[in-house]
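S.K.: Can you read through this structure? Questions will come right after.
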Amino acid sequence: MIMSISPTPFTATVLGLPRVGPNRELKRATEAYWAGRADADHLHSVAAELRHTHLSALAAAGLDSIPVGTFSYYDQVLDTAVLLGALPARVADIADPLDRYFAAARGTDTIAPLEMTKWFDTNYHYLVPEVDAATQFSLNPAKLFAELAEAEALGIPARPVVIGPLTFLKLAKHAVGAPLDRLAELVPLYRDLLTRLAAAGAEWVQIDEPILVTDLSDTELAAVRATYTELASPADRPAILLATYFGHTDAALAEIAATPVEAVALDFTAGTTVDAVASVPALSRKLLVAGMVDGRNIWRTDLGAALSTLGALLGSATRVAVSSSCSLLHVPYSLTPETTLDDRLRSWLAFGAEKVDEIRVLATALTQGTAAVAAELRTAHDAAQSRRTDPRLHHDTVRARLAALTPADIKRAPADQRRIEQRAHLELPLLPTTTIGSYPQTSAIRLARAALRKGEIDQTEYVARMRAEIDDVIALQERLGLDVLVHGEPERNDMVQYFAELLDGFAVTDNGWVQSYGTRCVRPPILFGDVTRPTPMTTDWIGYAQSRTTKPVKGMLTGPVTILAWSFVRDDQPLADSARQVALAIRDEVTDLERNGARIIQVDEPALRELLPLRTAEQPAYLAWSVDSFRLATAGVADTTQIHTHLCYSEFGEVIGAIAGLDADVTSIEAARSHMEVLDDLNAAGFDLGVGPGVYDIHSPRVPSVEEITTSLNAALKAVPAERLWVNPDCGLKTRGPVEVEASLRNLVAAAEALR
Ligand code: GLN
Ligand code: ZN
């Protein structure tokens with residue numbers, strides 16, 4: 001019944017490509033289209049040009065199987081929803097397919113977009129497909145076939161890529177039932193797709209099932225085997241590469257191995273071991289696509305170590321190909337435009353283009369022997385050696401300070417006692433009002449920053465302009481009658497990059513952009529060495545702001561976990577060790593702020609949830625060290641000093657206990673959209689500290705009315721006594737306009753005053 005097919009094996013590949021363009025060309029073209037400054041033809045031609053460049057570069061670099069279809073105008077999960085006919089009914093009336101697609105991604109005046117959430121434990125966000133009674137799956141593969149045809153016309157050894165049915169359904173939001181309830185409807189569509197891809201000339205197809213690196217139930221594991229047995233049963237199909245990434249496949253590995261798929265991709269940079277492969281003998285009949293080159297981080301691969309792993313794998317698999325561990329979507333394009341990194345640091349790095357070359361080198365060593373790439377292996381060896389011995393990676397003072405810490409260093413006095421002392425010290429009214437930190441980034445701020453960068457103004461002039469912004473923001477808050485003020489963060493381009501630029505042990509890139517979602521790109525700093533703080537980073541700004549008012553101004557810092565989550569991190573020591581180093585630097589800043597007169601200091605941890613490991617078994621250890629690093633950063637102050645934190649999401653789930661563990665005197669959280677349910681969850685977790693559930697949603701330009709805010713506050717007061725409740729928006733205000741901000745905050749203050 002099951003027909004065997006014998007495809008040509010390949011030796012060197014990547015699992016997917018970035019798409020924004022080396023200079024963010026797609027971002028610019030897409031935003032021009034949205035703004036009506038360019039038409040769809042322009043956008044399509046920029047996209048086609050980028051695909052052409054990307055594919056040709058990979059072929060020229062020596063890869064012998066090249067993924068196609070990982071291009072996207074916005075997001076690959078949204079593309080899969082289109083492929084499967086699963087866009088929500090509310091966009092169906094939009095006739096133009098591109099506009100319909102963007103409406104699902106971003107919404108319109110009248111249509112709500114799909115929700116967005118994190119792609120596994122990466123910093124990429126995907127759009128969450130909605131599956132409900134109205135969803136009638138159907139196959140719409142035009143995009144994939146067009147891209148396949150393009151690649152074939154270029155003579156590229158193309159391997160179409162799709163997200164698999166299990167991952168799609170598990171990531172979707174379901175109106176009813178369990179995620180895999182609709183699997184039986186999807187499998188025939190995928191079968192049909194495979195047949196058509198074979199007819200279009202595809203010899204291989206890659207089906208991505210990253211969900212296989214998460215905990216699966218026995219029923220789900222059985223579905224893995226059944227689905228891929230079924231998909232592999234027709235003879236007129238391409239060979240199937242079942243791709244997993246971001247972790248180890250654990251119990252799913254035996255299920256995959258038992259299916260007739262021809263190849264399996266496993267992530268050896270994220271937990272897959274040679275032993276795990278050896279323990280599943282059925283894998284030996286397949287092509288093993290070994291993810292040896294880390295697709296998520298920017299370090300040069302230790303090629304020697306990778307070759308010994310590959311050699312060991314050859315003991316358990318007949319054929320081994322070399323690959324990136326995941327799509328190259330998550331790393332910058334190339335080191336070439338980086339001109340300011342020092343040579344040593346640069347020699348330790350590999351961005352996208354350099355990673356492709358590493359894959360070529362490893363594959364060549366496997367097929368032709370190491371002599372064929374002796375020079376490349378030597379360079380990699382020297383770089384690894386230079387990195388191991390660089391003094392910037394081993395700062396004795398920091399290490400000695402960390403080694404000398406005791407449990408007392410991360411423990412403050414009991415919360416009740418602090419509450420009493422802070423009440424006397426701060427003299428705040430009941431239901432104190434405050435904001436989360438940033439105020440609108442005005443064009444004056446952007447112009448000043450650009451002028452400084454271009455050398456048109458000097459540092460003194462820049463500081464003067466930022467101080468003028470602070471004056472305005474303080475005056476505004478005084479006028480509005482807020483109780484706890486902020487300086488507005490005008491001097492910060494980004495809440496992580498700002499600190500990375502001031503701390504030793506971090507480097508920043510000129511052009512190291514990676515897609516965060518849609519057209520939004522970020523430039524994560526590189527944490528490469530031991531972290532130290534050469535000078536105070538925020539005291540002058542906060543001190544200046546405090547000099548303009550008698551009300552307390554919050555010191556404003558980013559927490560260690562968030563700094564790590566939004567950076568490329570060291571891979572030569574546990575993340576927990578890096579977190580402690582960052583925490584120590586923040587601790588020094590916290591105590592300097594206190595010494596300088598700050599009575600309240602906020603340490604933001606919006607990313608606490610993001611680094612949560614995918615496997616349940618690994619979560620408690622993470623939560624323990626992340627909580628400890630926050631406490632290390634914040635516990636160095638007197639009982640009279642009030643520590644605030646801000647968390648940026650409303651689905652707390654597994655981290656709810658950790659929030660209490662942070663032991664911050666006041667926690668502000670995003671709650672406007674979750675109707676304060678989060679407060680009940682916090683109570684259930686034994687949380688009894690100050691809390692400011694956001695009383696309105698800053699993600700929308702609407703001005704909330706006094707009544708609306710009062711309703712929010714009354715709901716909150718059902719769960720939290722007035723003595724613990726703070727009144728604040730649900731996040732920073734930097735993306736909002738000044739007019740709406742002023743109107744919204746006026747209503748917020750009015751609501752709090754009326755309730756008092
Ligand atoms: N203090 C930061 C701000 O107000 C917090 C941002 C965030 O939550 N991501 O912008
Ligand atoms: Zn926030």
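Including glycine, each Cβ sits where the backbone N, Cα and C put it.
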S.K.: Starting from the L-methionine binding annotation in TrEMBL that includes Ile436, Gly437, Ser438, Asp604, which of Glu489, Glu491, Glu651, Glu654 is the extra site residue?
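M.R.: Of Glu489, Glu491, Glu651, Glu654, Glu489 joins Ile436, Gly437, Ser438, Asp604 in the L-methionine site that TrEMBL records.
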S.K.: Given TrEMBL annotates His646, Cys648, Glu670 as Zn(2+)-binding, which of Cys521, Cys731 belongs to that site as well?
M.R.: Cys731
S.K.: From Glu469, Glu610, Glu618, grab the residue that TrEMBL records in the same 5-methyltetrahydropteroyltri-L-glutamate site as Arg24, Glu25, Leu26, Lys27, Lys118, Arg520, Cys521, Trp566.
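M.R.: My reading of TrEMBL gives Glu610 as the candidate in that site.
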S.K.: So which of the binding-site residues is most packed in, judged by how many other Cβ atoms lie within 10 Å of its Cβ, out of Ile436, Cys521?
M.R.: Ile436
S.K.: Going by C-alpha positions, which of the recorded positions (Leu26, Glu610, His699, Cys731) is nearest Ile436 (L-homocysteine binding site)?
M.R.: Cys731
S.K.: Sort out the sequence-distant neighbours of Asp604 (L-homocysteine binding site) for me: same chain, 6+ apart, CB within less than 8 Å of its CB, listed by position.
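M.R.: Counting only residues 6 or more apart in sequence, the Cβ neighbours of Asp604 (L-homocysteine binding site) under 8 Å are Gly437, Met495, Met556, Leu557, Thr558, Gly559, Thr562, Thr645, His646, Cys648.
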S.K.: Could you tell me the maximum Cα-Cα distance in Å between the residues recorded as binding 5-methyltetrahydropteroyltri-L-glutamate, namely Arg24, Glu25, Leu26, Lys27, Lys118, Arg520, Cys521, Trp566, Glu610, rounded to a whole number?
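M.R.: Result: 28 Å between the two most distant Cα atoms.
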S.K.: Among the binding-site residues listed here, Leu26, Cys648, which has the most company in the form of other Cβ atoms within 10 Å of its Cβ?
M.R.: Leu26
S.K.: With the L-methionine site defined by the record as Ile436, Gly437, Ser438, Glu489, Asp604, how many Å span the farthest pair of C-alpha atoms?
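M.R.: For the residues that bind L-methionine, the greatest Cα distance is 13 Å.
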S.K.: Work out the three-state DSSP category of Leu26 (5-methyltetrahydropteroyltri-L-glutamate binding site).
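M.R.: The residue in question, Leu26 (5-methyltetrahydropteroyltri-L-glutamate binding site), is helix (DSSP, three-state).
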S.K.: Of Leu26, Cys521, His646, His699, the recorded positions listed, which put a C-beta under 6 Å from ligand 1? Please answer none if none do.
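M.R.: Those recorded positions that pass the cut-off, since their Cβ is under 6 Å from ligand 1, are His646.
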S.K.: Cβ within 8 Å of the Zn(2+) site's Cβ centroid: which residues qualify beyond His646, Cys648, Glu670, Cys731?
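M.R.: Apart from the listed residues, the neighbours are Ile436, Pro606, Leu647, Tyr649, Ser668, Ile669, Gly694, Asp730, Gly732.
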